Each structure stands twice: as structure tokens, then as C-alpha cells.
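The transmembrane segment annotation in TrEMBL covers D:57-76, D:88-105, D:111-129, D:141-161, D:218-238, D:259-282, D:294-313, D:320-339, D:351-374.
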Amino acid sequence: DPAIIYDLGGKFDKSFNEAAFNGAKKWAEETGGTFKELEMQSEAQREQALRQLAESGANPIVMTGFAFGDTLNTVAPDFPDTKFAIIDMVVEQPNVKSVVFTEHEGSYLVGMMAALASKTGTVGFIGGMDIPLIRRFGCGYAEGVKAVNPDATVVLNMTGTTPAAWNDPVKGAELAKAQKSQGADVIYAAAGGTGIGVLQAAADEGILSIGVDSNQNHLHPGKVLTSMTKRVDNAVYNAFNDGEAMTAGLTVMDLKADGVGYAMDDNNAALVTDEMKAKVEEAAAKIKSGELKVHDYMSDNTCPAATF
Amino acid sequence: MDYATFLQIFDTTLRLATPLLFACLAGLYSERAGVFDIGLEGKMLMAAMASGAVAALSGSVWIGLMAGIVGSLAFALVHGIASITFRGNQLISGVALNFVASGITVLIAQDLFGQGGRTPPLEGGARMLEITLPLAETLRPVPVIGPLYADVISGHPILVYVGLLLVPATWWLLYRTRFGLRLRAVGENPASVDTAGVSVKRLRFSAVLIAGVLCGLAGAYMATGLQAGFGREMTAGRGYIALAALIFAKWRPWHALWACLLFGFFQSLALRPDVMQAVGIKIPGPALDALPYILTVVVLAGLVGKAVPPRAGGEPYVKER
Amino acid sequence: MMGAHDTGRQASAAPFAIELKGISKAFGPVQANKDISIQVAKGSIHGIIGENGAGKSTLMSILYGFYKADAGEILINGRPTTIPDSQSAIRAGIGMVFQHFKLVQNFTVLENIILGAEDGPMLATSLGKARKVLADLAREYELDVDPDALVEDLSVGHQQRVEILKALYRQAEILILDEPTGVLTPAEADHLFRILRGLKDQGKTIILITHKLREIMEITDTVSVMRRGQMTATVKTAETNPEQLAELMVGRKVLLHVEKQPANPGRTVLEVENLRVVDEQGVERLKGISLSIRAGEILGIAGVAGNGQSELLEVLGGLTRGTGVVRMNGKTLDLTGRHSDGQSRRADGIAHVPEDRQVLGLIMDFTAWENVAFGYHHAPEYQKNGLLMDNEAIRRDTEAKMATFDVRPPIPTLAAKNFSGGNQQKIVVAREIERNPDLLLVGQPTRGVDIGAIEFIHKQIVALRDAGKAVLLISVELDEIMSLSDRIAVMFDGRIMGERDPATTNERELGLLMAGVSEGAA
Amino acid sequence: MMDKLPKWADILLVPLISLLLAALVSALVLLAIGQSPMQALTVMVNGAIVSPYGWGYTLYYATSFIFTGLAVSVAYHAGLFNIGAEGQAQLGGLGVALACLFLPWPHWSLALVGAMVGAALFGAAWAAIPAWLQAKRGSHIVITTIMFNYIAAAVLIYLLVEVLRPAGQMDPASARFPATTSLPQFQDIPGLQSLFLRYAADGTVRLNAEGLPLYQKVPANVTFFLAILACVGVWVMLWHTRLGYMIRAFGKSEKAARYAGISAVKITMTVMLISGALAGLMAINNVMGQSERLLQNSAEGAGFIGIAVALMGRNHPVGVFLAAILFGFLYQGGAALGLETAIPIELRTVVQGLVILFTGALDQMVRMMLGWAFRARRTV
Ligand SMILES: Nc1ncnc2c1ncn2[C@@H]1O[C@H](COP(=O)(O)OP(=O)(O)OP(=O)(O)O)[C@@H](O)[C@H]1O
Ligand SMILES: Nc1ncnc2c1ncn2[C@@H]1O[C@H](COP(=O)(O)OP(=O)(O)OP(=O)(O)O)[C@@H](O)[C@H]1O
Ligand SMILES: [Mg+2]
Ligand SMILES: [Mg+2]
């Protein structure tokens with residue numbers, strides 16, 4: 001059986017981990033297969049979780065989150081016959097598949113959307129743990145905003161410096177309220193479970209929010225502008241489908257490959273005008289064709305559009 | 001830092017200080033009666049889970065609130081039985097109940113909702129709505145005072161106001177009523193109460209149960225007012241911060257209010273590193289998080305006046321050797 | 001002589017204020033009260049005497065509903081009354097002043113008085129009323145205290161007044177006082193007795209527990225004697241005398257006499273000059289003590305409890321700090337620094353039998369052998385291999401000591417708490433005396449110890465003296481002081497009032513000194 | 001009021017009954033959430049005892065719990081309730097990390113000694129301030145050690161995020177320790193090694209690319225033997241040295257200790273330093289022996305479990321050892337539950353809390369129940 005390990009924040013974070021869960025669920029529903037799953041409770045458990053699943057014969061084993069990288073590097077060689085897949089991190093081992101996403105591209109599109117929807121000219125970004133990966137979200141977003149409105153202000157906040165930042169809705173809500181008081185009327189949350197608090201506070205305060213990873217538009221219908229979808233579900237689904245035959249190596253899921261995007265559905269149809277959509281689609285096409293290149297924070301740890 | 005930011009931080013302070021205040025007052029009743037209570041955290045957590053779950057199931061925040069109080073009371077009762085009836089170690093009982101609460105809340109919530117120990121987000125009538133105080137909008141244009149009233153004082157869930165009112169009420173109860181006199185006496189010298197013909201057990205049980213109700217309010221506020229639902233470990237050490245505040249306040253109601261507001265202020269500052277940086281202070285986030293604990297140690301060290309706990313605190317009352 | 005024989009006649013007259021029938025009470029294995037019956041006439045002062053642990057306090061606590069009797073019956077004013085708790089006792093008109101006061105230290109006098117007797121749920125009304133009543137009571141009975149003072153700021157005598165006022169405020173008709181004078185100065189005691197007489201004149205009934213025969217003779221109308229949980233007799237005070245009471249108390253003819261040769265004092269072992277001790281509350285407990293003890297003599301210190309004797313022992317034993325000069329075998333002792341502790345004192349040849357064996361002298365949860373090493377755990381003969389304690393050696397030593405001192409049962413592995421009080425005391429005395437110290441400090445050596453053990457312990461102390469060692473003896477029992485000491489010093493209010501030769505002085509003279517009446521005035 | 005129990009009943013029966021009560025209540029909880037207690041027990045036993053892999057983990061956890069249990073016990077003998085073992089263990093981890101990262105070690109055995117010094121020093125240092133406050137200022141050690149747990153967490157987050165995290169790494173953790181500091185785990189120890197061989201489905205030993213046999217890797221390591229030594233050491237210290245004698249005397253009666261010339265300040269400080277050092281030494285097991293780098297929250301609550309272990313083991317090293325094994329079982333079994341069943345892993349927290357409650361706070365109730373039982377037997 002395949003297996004999946006969710007990172008801190010948990011399977012039901014309505015965001016990153018839940019997207020992974022949805023992919024696994026889809027696979028199970030389609031194939032009728034069963035899979036094992038584990039949720040992390042603390043940093044120190046990672047190795048035991050990995051080993052325990054591998055010992056139990058699970059194959060392949062998918063894990064969500066960069067934080068598994070170091071552990072996987074030491075565990076994978078002990079189980080040469082087991083296939084591993086890790087999301088958001090590159091681990092170079094003969095039996096590991098690494099899946100990374102071009103979050104800056106998706107964030108660029110929702111940044112444009114935010115700038116188009118904003119009336120105040122100020123928009124917000126609330127990141128989870130302050131790491132280069134999340135800055136990649138923030139940087140792409142800021143670039144998208146500036147592309148539409150070069151005078152716009154982007155208020156950037158990070159929730160914390162430890163994995164606890166993925167699961168702190170109280171702090172998310174307070175940061176959202178603070179950003180509103182600074183004039184932001186659209187806030188993009190790239191913070192896992194913390195985002196629940198951001199979206200809730202935005203809805204309570206009567207401003208718009210942007211979800212992340214999963215399609216979160218339904219959480220507060222008519223109040224979530226859109227969601228930057230990161231198709232973790234597809235990555236998990238594909239890995240499960242490949243089964244033991246999964247090939248090792250790096251897979252980049254970009255806009256062109258539908259790895260990232262923005263979500264449109266009934267819940268936000270009224271918020272997004274055709275004109276807005278047209279502008280965003282135009283940019284998307286340029287990115288796919290390579291005509292427009294969004295800056296990747298992780299390529300040089302700098303961001304031309306924003307300072308962190 | 002402009003006035004609006006200032007107001008925003010105080011607004012947050014008030015919101016975050018409220019659960020601390022309820023728990024701190026809970027500890028005050030219990031410890032003033034001579035029963036130490038390290039289990040504030042567990043009771044809050046239990047109440048948060050119970051109120052979040054019942055509010056989600058019933059759709060009514062008020063039924064949820066009652067459930068939160070009942071959940072917290074159940075733990076208070078066990079603490080009472082262990083430390084009053086069976087004269088067990090009050091500290092150990094509190095520590096134990098915190099563990100039980102930390103685990104059992106997840107077990108129950110997971111069983112009820114299957115969402116990893118979380119309740120579904122609360123909506124509509126299941127949430128505690130913010131109430132606007134009279135004249136808030138009318139007064140808003142008044143310079144300085146207006147925004148302060150409209151943005152900071154007004155616009156909180158009802159429990160915030162209940163918490164604030166509980167401070168003078170507690171003061172009055174403790175220092176102006178018969179019950180308060182006896183409660184304070186039983187924490188100082190239970191034998192004096194006993195020989196005066198008043199039941200030590202009954203007094204201590206009532207104090208412990210009052211603490212249960214107050215922790216219930218704290219937890220319910222967290223799950224239905226501050227946040228929209230319960231999440232595992234959502235009290236995040238607030239019970240211990242409340243304990244710290246209680247020591248900081250030297251077991252006095254008005255001081256408790258100031259201590260909780262101060263610690264709430266630290267918490268709200270920790271949320272706003274940008275503000276700290278803007279005014280040129282660079283305190284690492286973890287240092288801000290740890291500030292209440294550090295301050296408490298400083299107080300305990302007697303550097304800021306000595307904190308003398310109720311004299312009979314922590315000791316089970318034993319008549320016969 | 002038993003009070004029960006003429007019940008018939010008395011009952012036809014006024015009923016007794018209190019009548020107890022067959023009261024029994026056990027604490028675990030300790031039978032504190034055994035089938036006790038007693039009658040107290042209305043409007044009288046009834047004394048109860050008995051040795052430590054005889055069960056006096058227990059009996060009164062039962063009457064006050066603090067403890068529950070295992071068996072027996074209580075009649076108040078002739079009516080059978082059950083007293084399950086203090087509330088019922090108060091309702092029955094009983095008030096009690098405990099040996100250890102039951103006051104809330106950081107409450108005011110007024111708050112202490114209304115506690116449990118408030119009128120209605122609001123404090124304001126109760127406080128107002130209490131203030132008035134208190135003023136009346138103060139006038140009536142000479143019971144002045146500042147109603148707004150904090151109890152912790154009051155002297156012991158005033159705290160006692162608060163306790164009495166508490167009882168009177170609850171309109172007690174029967175007042176029980178448990179050893180009220182133990183902590184009082186003689187002047188305060190006299191004042192108390194005036195108050196008690198006043199109360200008696202108002203028709204109140206008073207039960208007074210005391211150890212002091214003088215007080216019994218002075219103030220009571222009838223007196224009951226308790227011994228080992230039983231009531232041995234009740235007599236009219238006018239028809240008895242101290243000798244008879246003492247005999248009833250200990251169960252045989254007393255005036256303990258210790259066989260000893262005249263002292264043969266040698267060089268000076270201990271010299272104390274201008275020793276002062278200030279306690280934690282900042283009260284000066286020793287106000288400049290000077291004394292000296294020579295080898296081969298016993299210096300007895302007499303005094304009412306609480307006049308600084310305990311502090312003297314403690315500062316010499318290294319438990320508390322003090323100022324002044326103390327020389328032991330010519331060496332000046334450290335009274336404030338690193339070496340002002342029990343270990344250093346032992347190293348300097350001082351052994352110490354503390355006043356309270358259960359709190360200081362023994363670890364009750366430790367075994368007998370562990371207690372034998374207590375304080376001497378650094379002794380070389382108890383060590384092995386340089387690093388470890390030689391538990392085997394300690395156990396052997398314990399067996400030897402238990403044999404010499406006839407400790408029963410002679411089981412080294414038994415926990416101290418499982419020995420009787422007398423045997424506990426023997427363990428402590430054995431441990432200290434067998435060290436063959438140059439100076440033995442010994443406080444209340446025979447408190448709560450049975451007669452046989454008393455004689456044995458006395459012999460050991462004298463034997464130590466005869467071996468050329470110095471002994472400082474502190475005891476509240478004048479008899480003990482008189483019969484053991486070679487010289488007697490009397491302490492009052494932290495000072496030494498004077499020194500007497502036991503051969504030429506008498507109880508009266510010592511009593512005056514103990515009451516603070518100085519030589520000139522005497 | 002209460003009948004005295006025979007000593008053997010007090011030492012054996014009371015903890016046993018408490019454990020049964022805790023198990024009973026846990027079973028009721030399981031039933032209430034619609035799970036089968038029997039199934040849970042089976043999964044736990046299978047996951048934690050039956051296979052070498054399982055007990056490799058059980059003993060790993062037990063090793064940590066022995067150290068923290070001893071830490072709590074030693075302090076308890078002096079009448080001090082050290083709730084700070086968690087923070088002290090985290091600081092111990094810092095000591096281990098610094099020793100392993102910044103000093104060149106030629107061989108693991110030397111590294112072990114160095115890391116032990118680091119762990120003990122840092123753990124003791126973290127206990128020193130609460131100890132000093134208790135000894136000198138009378139600040140309640142329970143409260144101060146709780147506060148110090150939180151402060152420790154903050155200190156570690158700061159250091160891991162700002163100081164120890166290698167450039168380019170995203171998770172807040174130190175760099176990996178050099179390979180020369182790697183402690184032998186059970187599958188590396190000759191004699192134990194063959195227990196951990198991996199077999200293919202056909203029963204043959206599995207080989208790696210180089211043709212060498214593959215072993216199951218368990219985190220239990222040589223620290224386990226150190227833990228046993230620590231038990232013996234603590235036992236000797238408490239019952240066969242002057243220090244232990246003074247600690248126990250002080251713990252039973254502070255006043256009497258003063259009479260005997262035992263300094264409250266000295267004993268409080270010494271005992272808390274020892275306690276902190278023992279808690280710190282736990283880090284050898286998890287930080288050096290297992291993760292081989294310093295992670296955030298490395299102690300994972302073992303400091304708190306130490307309280308349960310000490311209470312359950314009656315503060316005697318033998319008891320602590322047995323209780324630690326029991327809790328190791330509970331922990332590994334709990335992990336198996338999380339993997340194999342729908343029962344959340346938090347069940348083990350509940351059991352842990354209940355054990356503390358029944359052994360530490362409701363012990364009088366248990367004694368009373370036993371008292372009745374004894375009396376009933378006598379009258380029958
Ligand atoms: N609460 C108690 N628990 C257990 N034993 C007790 C208790 N109170 C008293 N005892 C025991 O009962 C016996 C009688 O004690 P009690 O206090 O009545 O004596 P007493 O005559 O008042 O002595 P004293 O003159 O020392 O006050 C003693 O052996 C004492 O140790
Ligand atoms: N709480 C306990 N839990 C488990 N075993 C215990 C406990 N207490 C005592 N024992 C057992 O009793 C034995 C003796 O205990 P202890 O060390 O207290 O005895 P001792 O009299 O000091 O022995 P020694 O003569 O060796 O000094 C221990 O080795 C142990 O096997
Ligand atoms: Mg008495
Ligand atoms: Mg031994």
C-alpha cells in the first residue's frame with residue numbers, strides 16, 4: 001500500500017496538507033485501494049514516522065513538506081526497495097522523487113487579482129513560517145500586484161519562525177486585523193492552518209482574502225477573492241498511481257503543467273469581473289510561453305518587488 | 001507609531017487579555033481558598049473543546065457556553081475530590097489534569113468530527129458575536145476619545161465585558177461579603193474557619209467550582225469568541241500565563257486585571273514585529289513570548305516586592321494527624 | 001473521690017453545665033481518651049491537669065466538636081447534646097481558646113471576631129455591630145484590644161484576648177481554655193485570672209487546662225486529674241493540696257529525687273558573654289545573656305516557657321544566629337558566619353538534645369539506625385572506602401545503643417515514628433550522650449516520658465556530669481531543675497534574673513524570679 | 001483513621017492498583033469514543049514488544065524516561081518538586097549540540113564523554129536559577145521551573161532560528177553532527193546485531209547494494225546502558241553516601257535538618273544541580289543517539305513523563321527503571337496505535353495524565369480502598 005505523512009498543521013488544515021489528503025482520497029476512491037497515513041505532532045517524530053511506515057511495508061511513501069528533507073536523506077538509504085516522494089524539497093537519493101512547485105507564478109496571478117480588486121491600493125500578505133519558500137510566495141505576489149498598480153502598497157507579515165507558525169489561527173486573525181487597520185482590503189494568506197484565522201478575520205471585517213494551496217473559496221463564500229492553488233493533490237495522486245514503479249528524480253510542477261494556478265468557482269464568481277479575469281489570463285499565457293518571467297526568490301534570495 | 005496602530009494594538013490586547021483574565025480570576029478564587037491550581041490550562045482547554053463542539057453541533061453559542069462550563073466543572077470537581085476530599089497533592093493533581101485534558105480533548109473532537117481533533121469552523125449563531133456599545137458610531141468623530149471608544153472599548157464579544165465586570169465583582173465579593181471573608185480565611189488558616197463552625201471542605205469546594213466556571217468562560221471565549229472553533233492545544237499555555245499573572249498580581253483582583261492586560265499587551269506586541277521595528281526596538285519574537293514568564297520569575301525572586309501566597313495554600317487541611 | 005458518686009443529689013438541684021459520660025477517642029493506635037466521665041457545675045471554674053499527652057486537649061476538642069468521639073455521651077445543662085462540629089458547640093454555648101490559637105494572622109481583630117458569626121451576607125453590617133459589642137465587652141471584662149489592629153501585630157497575650165472575645169462574642173456560657181498561661185508572662189497571667197474571675201461572677205462556666213499546680217490552687221473550684229487517657233480523679237480544690245494532685249497525676253508518690261554526689265567542678269568549659277538573639281520578626285529574644293559552665297557541673301535554667309530558654313539552646317546549638325561572645329573550651333565560636341551551624345558545634349564538642357524531639361531531634365520517617373547517625377553522619381566510624389556511608393556499622397552501633405538505653409523494641413530498622421515518645425527520647429539521648437561531648441545542651445529531657453524512663457535519663461545526665469562533662473539543662477519542670485542542677489539560673493524576658501544554689505533556694509524564691517521580680521524587690 | 005498498609009502493599013500494590021485504575025478509565029474513554037480497548041491493547045503490545053524493532057523503540061523511549069524520572073525523583077527526595085525537567089532536557093540538548101558541533105572528536109566514545117559533560121552542565125545550569133531562588137528567596141520551585149520550561153523553549157527557538165541553523169536550511173534545526181560523534185545503536189552492537197537482521201519474504205537475509213546484510217535501524221543506543229548506570233549511581237548516592245543521607249533528611253524535615261547542621265541552601269542547590277544534570281543527560285539519548293542534530297522541542301515532553309515515572313516508581317531507582325519501561329511501552333504502543341488504528345496518538349497523553357493523577361494525587365483514595373480490602377480479608 002502507499003502511504004502519506006502530513007506535516008505539522010495536520011491533515012485538516014484546509015490548505016497544504018488537506019490538498020495532499022484530497023489527492024490520496026481521490027486515488028483511493030478511483031482505484032478502491034487503501035493507504036496508510038500519519039500526522040506529525042512534533043519535529044522529533046519525523047524519523048520514527050518514516051521508518052515505521054517503511055518497516056510496515058508501505059510503498060511508495062509520500063511526505064508533504066520541506067522539513068522532511070534532512071530526515072529522508074538518512075532514512076531513504078536504509079530502505080533501498082522503498083520509493084519515497086517528497087513535496088517542496090529536493091532530496092537526491094536513488095529512490096526518492098522530489099516534487100517542487102513554482103509558487104511564485106501562481107502567486108503572481110493572485111497578486112494581480114488582488115491589485116485589481118483593491119479599492120484602497122493597499123493589499124496584504126500573511127506568510128506562515130518565515131523561510132525562503134514562503135518568501136517565494138510573497139515575492140511573486142508583490143510582483144503581480146505591482147504589475148497592475150505600480151503605486152500599490154503591499155503589507156507583508158510572517159506568522160513566526162518555527163513550524164508552529166503553520167498552525168496559529170489566533171495570530172493569523174490578529175495579523176489580518178492589523179493589516180486591515182493599515183488599509184489593506186485584500187489579504188493573501190500563505191500560512192497553512194494559520195490561514196483559517198486570516199480568512200475568518202477578513203470575512204468578519206468585511207474585506208477580501210485569498211486562499212492558498214487548496215481551493216479555499218468555499219470557506220467564506222463571496223468573501224474569498226480566489227485561491228492560489230498548488231496542486232499537491234495531483235502530486236500525491238500521481239505518486240500513488242505510479243506505485244512502486246515511481247521514478248526518482250526532480251519534478252517541477254509549474255503553471256504550464258497546471259501545477260499552480262488560481263481558483264474560480266461559484267463562490268467567487270461575483271467577485272471577479274470578466275475584465276479582471278482577462279488581464280490575469282493574459283499574464284498567465286505569457287508566463288506559460290516564457291515571455292514573462294516571474295522572479296523566483298529562492299534562486300538568489302532577493303526580491304525586486306518587496307522587502308521582507 | 002501612529003494613533004491608529006496604537007488603538008489597534010490595544011484592541012488586540014483587550015481581546016487577548018480576556019481569556020487570561022478569566023483564568024487568572026479562577027486561580028484567584030481557588031488559591032485564595034488555599035487550593036493551588038496548576039490545572040487552569042487543562043480546564044480552559046476542556047471548556048474550549050466542549051463549547052466549540054457543542055456550539056458546532058447545536059448551532060447555538062449559548063448552549064456551547066454552557067457545555068464549556070460543564071466540561072471545565074467536571075475537571076474542577078476531580079481536582080476538588082483529589083485535593084480536598086482525599087487530601088492529595090494539589091500540584092500533582094493539577095499537572096495530571098492538564099495532561100488528561102490535552103489528550104482527551106483531541107480524542108473527543110476527533111471522534112465527533114473526524115477532522116484531526118478540530119471542530120469545524122463555527123458560523124452564524126454558533127459564534128459569539130461582537131457587540132457594539134451604545135453611541136459608538138456617534139462618538140467616533142470626537143478626536144482621540146472617539147476612536148478609542150469605538151474601536152478599542154466597543155466591538156467585542158460580550159464575554160470581554162463580563163470579564164472586565166468580574167474584576168470589581170470579585171473585589172466586592174472577597175472584601176465586602178461574608179463569603180469573601182470566609183474564603184480568604186480558609187486560605188490563610190483553615191483551622192480558624194473550622195473552629196468558627198464553618199465547613200472548610202464546603203468553602204474550598206465552592207472556590208474550586210467557581211474556578212471551574214470561570215475557566216469554562218475562558219475556554220468558551222477562546223473557541224467561540226476569539227476564534228471560530230476549537231483546535232488542538234489551542235489554549236497554548238494561557239493557563240500558565242494566567243498563573244504567572246496571578247502571582248504577578250499577588251493574588252489581588254485589581255492587580256490581576258492590570259497583570260492580564262500587561263501580559264495581553266506583550267502577546268499583542270509579539271503579533272506585531274513590524275510595529276516593534278517601526279519604533280526602532282528589535283526584540284526577538286521568542287523573547288517577547290517569554291516575557292511574561294521572565295517577569296514572573298523576577299516577581300517571585302522578590303525583586304519587585306515580595307509575593308506572599310495565601311498561607312495555607314497547597315496544604316490539604318488535616319484535623320487529625 | 002470520683003465525681004460520679006453523688007450525681008443523684010446534684011441532679012435534683014441545678015443541672016451540670018457540662019456532663020461527659022464514657023467518652024473514648026483513639027488516634028490510630030493511640031488511645032487518647034478512655035471512657036472518660038466528668039461533671040462541671042454551672043458558674044464554676046473547673047481545672048484539668050495531667051501530664052503531656054494525657055489527653056486533655058483531645059477531650060476538650062471533642063467537647064468543642066473539633067474531633068468526633070468514638071464513644072460516649074455529652075450533656076449540656078442536663079440536656080443530651082450531639083456535637084458533630086464546632087458549629088453545634090457554639091450553638092450549645094461553648095467557646096474554646098485553643099492551646100494553639102486559631103486566628104487568621106493577616107485579618108484585623110474585628111474580622112477575626114466575626115468570622116463564622118456574621119450577621120447576614122454583607123460584611124458592613126456585621127462589622128458595625130461587632131465594633132459596638134466589642135467595646136461593651138472590653139469595658140465589662142478588661143479585655144481591651146484595638147479592633148482594627150492586624151492580629152499578626154499583636155502580642156501573644158493580646159491574641160489570647162482576641163480568642164476570648166471571639167468566644168464571648170458568640171455568647172458562650174461555657175468557656176474552655178487550653179493551657180492559656182503557658183505562653184503568658186506572669187503579669188499577663190494575673191490579668192487573665194482577673195478576667196476569668198469576672199466571667200465566673202457573671203455566671204459563666206470555665207474549664208481551665210494547665211500544668212501548673214499553683215494556678216489550679218489559685219483559681220479553680222474543682223479539679224480533675226487525667227493520666228494516660230483516663231480520668232483518675234475529680235476533687236474539690238479546697239479539699240486537696242499540690243502534693244496529692246501531683247501524686248494523682250503521675251500515679252505514685254513524687255518528688256523525684258535524683259541520687260547524686262556533690263559536684264566536683266573543674267575548668268570552665270563554656271563561657272557566654274552578652275549573648276543576644278533577634279528573631280525573624282525582629283523581636284529581641286535574648287537580651288544579653290552571660291553565664292559560664294564548668295566541667296563536671298550541671299547548670300539548670302528555670303523559667304516560664306517563652307522567656308528565651310529555647311532561643312538560648314538554639315543559638316548555642318547552632319540553629320539560630322546571634323551576637324555576643326561564646327567561648328567553648330577557650331575557643332570563640334562563630335555565631336553568625338559559615339560555622340554557626342550544628343555540624344560545627346558538634347565538632348567543637350557540643351551535643352544537643354533538643355526541646356522538641358519530633359520536630360528537631362528525629363526524622364520521624366527515618367529508621368532508628370538512620371536517626372542514630374543523624375547529625376553525626378560525618379563521623380569517621382560511619383564511613384567506609386572514603387566515599388560511602390557504612391550503613392552496617394551504623395546499624396551495629398544502633399543495636400549497641402538500644403541495648404544500653406533499653407530502647408523498646410530494640411529493632412534498628414523500625415521507623416522512628418513507630419516508637420513511643422519515651423523511646424524516641426531515649427534514642428535521641430543515647431545518640432547525644434554516647435558521643436561523650438564536653439558540653440551537653442539538653443532541653444526538656446523528660447517531656448512526655450514515663451516515670452521509669454525519666455529516672456533512667458536523669459541518671460545518664462548525672463553520669464555524664466560525673467565523667468567530668470558540662471551540662472546545660474533547660475526544663476519547665478521546677479522539680480527536674482531542682483533535683484538535677486548543681487547551680488540554677490532563672491531566665492525572664494530574655495535575661496538571667498539571678499543564680500541560686502539548689503541546696504539553699506526554694507520553689508517560692510525561684511517562682512518570684514521566674515515572674516520577673518528582681519532580687520532587690522524580693 | 002486509615003489503616004496502615006503493610007510495606008509491601010504500599011510499595012507494590014498501590015502503584016499497581018493506580019495503574020489498573022488508569023487503564024480502566026482509559027478503556028472507558030476508548031469505549032466512549034467507540035473504539036475497542038482490547039484491540040488497542042493488542043496493537044500496542046504488537047507494536048511495542050513483540051518485534052525487536054518495536055522494543056528497540058520502547059527501550060529508546062524508556063532511556064529518556066529513566067533520566068527524567070531519576071531527575072524528578074532525586075529532587076523529590078529533597079522535598080522539591082522539579083517540573084522543569086523538560087526545559088533542563090532541552091538545554092541539555094543544546095549542550096550536546098555544542099559539544100558535538102564545535103569540538104573535534106576522534107571517536108564516538110570520547111565524543112560521548114564530552115557530550116555528557118555538555119548535557120549535564122547545561123541541564124544543571126538551567127536548574128540552578130530556580131534552585132537558587134528557592135534556596136535564597138523562597139520562590140516556589142514548582143512555579144519557577146514551569147516558567148523556566150517556557151523560557152527554555154524560547155531560548156532554543158531563538159538559537160535554532162538565528163544562530164545554529166546552517167545557511168540555506170529552512171527548518172529550525174542545527175547542522176548534522178559529524179559522523180565521528182554517532183553513537184552505536186542496538187543494531188550496531190555486536191551480539192545484539194543479529195536480532196535486527198532484515199529478512200525478505202522468502203526468509204533470506206536482505207542484502208544491500210554492496211552485498212552486506214541490512215539491519216533494521218532502531219534508535220535505542222548505548223545511552224540505555226548509561227541510564228542503567230545512572231539508576232545504580234542514584235541508588236548508591238541516595239542510600240549509601242552522606243550526600244544522599246542529607247538529601248533525604250532534608251526532604252523529610254527541613255527543621256530537623258537544620259538541627260543536624262545540614263544547610264538548606266547547599267542541599268537545595270546540590271540536589272537541583274544533580275536533578276538538572278540528570279534531566280540534561282537525557283539529551284545524549286535523543287539528540288546524540290537518535291536525531292544527531294538539535295531539533296526544536298527535542299525533549300518531546302519526556303520531562304513531564306518523568307513526573308509520572310517518578311511517582312509510579314515511588315522515587316526509587318528500581319521503580320523508576322520499571323516505570324520508565326512501562327512508559328516506553330506506552331509511547332511506542334501509542335505510536336503504533338496512531339499508525340494502525342483510528343485511535344489518536346493522544347491516547348497516551350490521557351493515560352499518562354491518569355497515571356499521574358491516580359499515583360500522585362489520588363493515592364490516599366487508593367490506599368483507603370486497599371485498607372478496606374485488607375480489613376475485609378482479616379474479618380472474613
Ligand atoms: N490529631 C491527632 N492525631 C493523632 N494523635 C493525636 C492527635 N492529637 C493528639 N494525639 C495523641 O493523643 C494523645 C493525647 O494528646 P493530647 O493533645 O490530648 O494531650 P494533652 O493532654 O493535651 O497534652 P499536652 O499537655 O502536651 O497538651 C497523645 O498521645 C497525642 O500524641
Ligand atoms: N520503591 C521501590 N520500588 C522497587 N523496589 C524497591 C523500592 N524500595 C525498595 N525496593 C527494593 O528494596 C531493596 C532495598 O531498598 P533500600 O535501598 O531502601 O534498602 P537498604 O536498607 O538501604 O539496603 P542496604 O542495606 O543495601 O543499604 C532495593 O534494592 C529494592 O530492590
Ligand atoms: Mg494539650
Ligand atoms: Mg540501601
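Think of each number as a place in line: the chain as shown, counted from 1.
Heads up, the Cβ atoms here are built off N, Cα and C, so glycines get one too.
In summary, the transmembrane segment (D:141-161) does not lie against the transmembrane segment (D:351-374): fewer than three C-beta pairs, each 6 or more positions apart in sequence, are under 8 Å. With a threshold of 8 Å between CB atoms, the same-chain residues lying at least 6 positions outside the transmembrane segment (D:218-238) that come near it are 52-53, 55-57, 59-60, 62-63, 66-67, 70, 73-74, 77, 112, 116, 183-187, 189, 196, 244, 247-248, 274, 278, 281, 284-286, 288-290, 316-318, 320-321, 324. The stretch in D:57-76, D:320-339, D:351-374 that contributes the largest number of Cβ pairs under 8 Å to the transmembrane segment (D:294-313) is D:57-76. With a cut-off of 8 Å between Cβ atoms, the residues of this chain six or more beyond the transmembrane segment (D:320-339) that come close are 15, 19, 40, 43-49, 54-55, 57-63, 65-66, 69-70, 73, 227-228, 231, 305, 308-310, 312-313, 345, 347-348, 351-352. Long-range contacts of the transmembrane segment (D:57-76) within its own chain (CB-CB distance under 8 A, at least 6 residues past either end) are made by residues 48-49, 82, 85-86, 88-89, 186, 218-221, 223-224, 226-228, 230-231, 234, 237-238, 247, 251, 271-272, 274-276, 278-279, 281-282, 285-286, 289-290, 299, 302-303, 305-307, 309-310, 313, 315-317, 320-321, 323-325, 327-329, 331-333, 335.
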